[in-house]
Amino acid sequence: MSIATINPATGETVKTFTPTTQDEVEDAIARAYARFDNYRHTTFTQRAKWANATADLLEAEANQSAALMTLEMGKTLQSAKDEAMKCAKGFRYYAEKAETLLADEPAEAAAVGASKALARYQPLGVVLAVMPWNFPLWQTVRFAAPALMAGNVGLLKHASNVPQCALYLADVIARGGFPEDCFQTLLISANGVEAILRDPRVAAATLTGSEPAGQAVGAIAGNEIKPTVLELGGSDPFIVMPSADLDAAVATAVTGRVQNNGQSCIAAKRFIAHADIYDEFVEKFVARMETLRVGDPTDPDTDVGPLATESGRAQVEQQVDAAAAAGAVIRCGGKRPDRPGWFYPPTVITDITKDMALYTDEVFGPVASVYCATNIDDAIEIANATPFGLGSNAWTQNESEQRHFIDNIVAGQVFINGMTVSYPELPFGGIKRSGYGRELSTHGIREFCNIKTVWIA
């Protein structure tokens, strides 16, 4: 795959980039490994100063970085600005909390025959980050901020269609004051990942991306006995019960499905409405989806921009067309507009049966599948009928139902009466084929630490 900026709103190639050579990759690994030897001994106070300075730059340059994101992968300018500001928040969170989150944990010394016993968190070393295009800054920052604050150093292999975002990340972290070579961007294809991950100087890896990419990286890391965090796909359920505030649920359902032009791993994708309110939910949901404006992502009036890649749109088209051919009903959308760029309209599909691929598959675009549940257990059965287990939403005012959803939905996250969102303060990740490990919060910063037992007689 070429490394290039291709404007998804027009399909035009804006700029191409020379890939990082094998010699340059070797040099980057060597420099990262050498840097870790002294960077690990910097203090939390020093790292916090650099992290806060990086946050200042991210805030000050939000308009510029937003323009890069919109140009390279098509998200609306406002959502791109929001992403840049969220990155600043992530750096500030770990600047403030890292020392506390990684403080020594005393154990009961007498119980283990010691005068002193504790668990200590120490950085692992060079961590390879393989990151996707859909949140080109935030996906990387939610690795970089905790990893750097823990004393690790990073090598970034970003998606090949967001090279300018990838280069900006390394640049802004360097300008924030982090020592040279603490965080480096490598412009390489997926084929170059294996050699880096097998290098003994690389201690661990984190990947956000597709299931096949996660399988490949997980297999290599397993062979090398190296820790990994995998955040893969999702086909999140959004359940609406009779006691829900229906208008609020519908409004959130629309936002949850079309955020980031429908290209979010934690977007609500499968909407499950109780039979008592199913018809009303579908009517209101379709009506709101039909009002959304598809267009130029730089236009402030645009609700939904283009999909990021031509192949991505082709995949969405194939999934929708296959469902329709099998008997599913397209309530709105379903046909690409006749215009340049990789646009696809907000689409709602009903009457999906278990034998259709759409019943379990993830659709990475603004396409909503709607199902009717006869009761709460039926809703949970539909929700869990997927190989994925990333996020989930349930809308009900009934506290017993809320507890039932929390206990029985098989996912890494359950949001009640709200939209699934990643926060620096909360652990983020999934189970089943959505991956393993956690990003963000206490759990995220400890993923790439050696938990060292200390025992003193």
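Here the Cβ of each residue, glycine as well, is placed from N, Cα and C on the backbone.
The candidate list LEU101, LEU102, LEU232 contains one residue that Swiss-Prot assigns to the NADP(+) site with TRP133, ASN134, LYS157, HIS158, ALA159, SER160, GLY209, SER210, GLU362, namely LEU232.
Neighbour list (GLY209 (NADP(+) binding site), Cβ cut-off 8 Å, at least 6 residues apart, same chain): VAL130, MET131, PRO132, ALA159, LEU232.
The separation of CYS265 (active site, nucleophile) from TRP133 (NADP(+) binding site), Cα to Cα, is 12 Å. In this structure the alpha carbons, written CA, of LYS157 (NADP(+) binding site) and GLU231 (active site, proton acceptor) are 15 Å apart.
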